[in-house]
Amino acid sequence: MSQFSLFLGKEWREQARSFKLVWVPLVFIFFGVLEPLTYHFLPQILDSVGNLPEGSDFTLPEMTGADVYASLTGQYQTIGLLVLVLAFMGSLSGERKSGTGTLLYVRPISYAAYYMSKWTAAVLLAVVSLWLGYGMAATYIVQLYDHVPAFSDMVLFLLVLAVWIGFVVTLTLTASSALPTGGAAGAALGILFIGMMIDSLVGTYWTWSPWKLQAYGLAFLTGSPDSGDLAGALVMTAVLAALLVLFGILQARRNAAKAKV
Amino acid sequence: MNMVLEVSGLTKQYDGFRAVDGLTFSLAEHTATALIGPNGSGKTTTLSMLAGLLRQSSGSIRFSGTGKDPRSAIGFLPQYPNFFPWMTATEYMELAAGLSGMGGRDVRSECEKTLGFVGLGDAGKKRIGGFSGGMKQRLGLAQAIIHRPALLLLDEPVSALDPAGRREVMEMLKELGESTTILYSTHILNDAEEMTDQLLFLRGGKLIEKGPLREVREKHGGSGYRVLFSGQEAAERFADAVPWAASADGSAVMISGETVTMEELLRFASEHPAGITDIGRTAVRLEEIFMKVVGKP
Amino acid sequence: MSFTEQLAEIPWGLIWPLIVIQLILMTAALIDLNRKRSTNGPVILWVFIIIFINTLGPVLYFTVGRRHS
């Protein structure tokens, strides 16, 4: 068996036995259920909370299906990213710190296979979790809302977001390869959220950025994004991710010396 | 003699201090070498460099008779081996075997056999998270030998075990030593005395003494004979009379083992029996040599 | 509105997945906790967090509560 498949088997088992395979998808599914429900029942919820002044009369904006997807995407951009970074921050650094990596590093292993197996397992889990979340949301949205996006647009939307999530996970794994667990989480979250801030400030001029992907993806639900900008952002993300992977592999090899003996 | 490993000028420099300072030694095929030294003398750093975990600051490490990646010819057991707690022992062994390049249908049976050898035959299906320290140590040995390495590097392989477990593991190591070259660190000198072809004494990262046990012994008091007398006078008279290197010490006379055989000594003693109460062999204990070589400030 | 009426008002058909998710997360976290028994902070504290903080409790346990060793 190749080292990659051996390592992948190990990652798979680890995700299953640490319940990662259960809780990560469930968090995404949870928000996928909660978001459409909240907006649908918002009038009743406000009513039952009952602290509105008597006779006050205001109309809630009418939410379309696309609006709910956008709002859910906002949730995934904060809590979703946080959960993914926390779930994968120790992927490599944890094995150095606990010393479980030591007995791997003394064998004639390929660090590319080592890193890529973790990358494959983590990206698969993250993307499938994200899709399950949106899928669950879709089952509610088609029941409760008007103006539901077409299926083909949803597929494009989900593919673009998968690239973004792949970038997030790659960044987290490379941070875990280069830094101790705490630093890895800080660095990954820092870069992600600083990127978002920069995007919100000068995003109009910086159209080819990974941080633009979620906006471009959402644009499929209400119309279609500028195909040139989308292609540029996708290529830029792919190039950055490839560089991160390369850097992650080199760091995994270099930091093997830091594994606890 | 075929050398498995030749180390020359091996040095590890950290900011401000040298953990390992200019080690030069070689390991002959199928010999056992004990790396002896107090805590902090650089034993683990040395083994880590040999295992390829740490890069040396200077000096060379040469393995002979191995392919391009020497790590496939090495089995390494850290002092406190850490395993994935969610794995079973068999799963771990199969991963270790696979990563060392073993393949095919024999891997499974080979893993079972090795687990059996270290006394974990019944624990293969149990998760390592529930293992005791001793069981982990045994599994550590099993993963180090699964790929039949030419060189076994063991960091304090028995010091965490209880006396019975220690005995058992020492027997395993002796058995392995017949077909493998072993370099192990220890601070338990009885163990080193039991299984060693070569001794390496480390202090402060420096190799301060090396050689076969017998030679080191000769050098530091050596082995020889001790003849006891009823009194000091008789002892001195005997010491003067013997034609070999001898010294009187109170009512005892020590005779160097290099110059005389037991048979010759007994013949001489029977001709000069005055005051003799006991004749025996002495061997300087490794512990005494250790104190002499390493213990001085 | 009486309590039973209020109960009947709740759209169970729509929200049962939330309850199932919470139960699965809680069970998984408790099984894992029972297996490891080593956490950052007192074990009993985590038992309470897992049981009483909806959804977030088990997720907190899985991300920061477990001691990796």
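We number each residue from 1, going along the chain as drawn.
Cβ coordinates come from backbone N, Cα and C, glycine included.
Marked as transmembrane segment by TrEMBL: A:21-42 (among others).
What TrEMBL records for A:74-92 (among others) is transmembrane segment. Residues 20, 24, 27-28, 31, 35, 101, 115, 118, 122, 126, 130, 133, 165, 168-169, 172-173, 175-177, 181, 184-185, 188-189, 192, 196, 214, 248, 252, 255 of the same chain sit 6 or more residues outside the transmembrane segment (A:74-92) yet have a Cβ under 8 Å from a Cβ within it.
Annotation source TrEMBL lists transmembrane segment at A:113-134 (among others).
With a cut-off of 8 Å between Cβ atoms, the residues of this chain six or more beyond the transmembrane segment (A:154-175) that come close are 69, 73, 81, 84-85, 88-89, 91-92, 115, 118-119, 122-123, 126-127, 130-131, 134, 138, 183-185, 187-188, 191-192, 210, 213-214, 216-218, 220-221, 230, 234, 237-238, 240-241, 244-245, 247-248, 251. Here TrEMBL flags A:154-175 (among others) as transmembrane segment.
Feature annotation from TrEMBL assigns transmembrane segment to A:187-208 (among others). For the transmembrane segment (A:187-208), the list of distant contacts is 77, 81-82, 85, 89, 168, 171-172, 175, 178-179, 215, 226, 229, 232-233, 235-236: same-chain residues at least six beyond its ends, Cβ to Cβ under 8 Å.
Residues or ranges marked as transmembrane segment in TrEMBL: A:230-250 (among others).
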Original post:
Which bits of the chain, at least 6 residues beyond where the transmembrane segment (A:21-42) starts or stops, bring a Cβ under 8 A of a Cβ in it?
Top reply: 15, 60, 63, 67-68, 71-72, 75-76, 79-80, 83-84, 87, 125-126, 128-130, 132-137, 140-141, 144-145
Subject >> Remote residues contacting the transmembrane segment (A:113-134) - C-beta distance under 8 A, at least 6 residues beyond either end >> reply: 2-4, 7-8, 10-12, 15, 20-21, 24-25, 27-29, 31-32, 69, 72, 76, 80, 84, 87-88, 91-92, 104, 154, 158, 161-162, 165-166, 168-170, 172-173, 177, 245, 248-249, 252
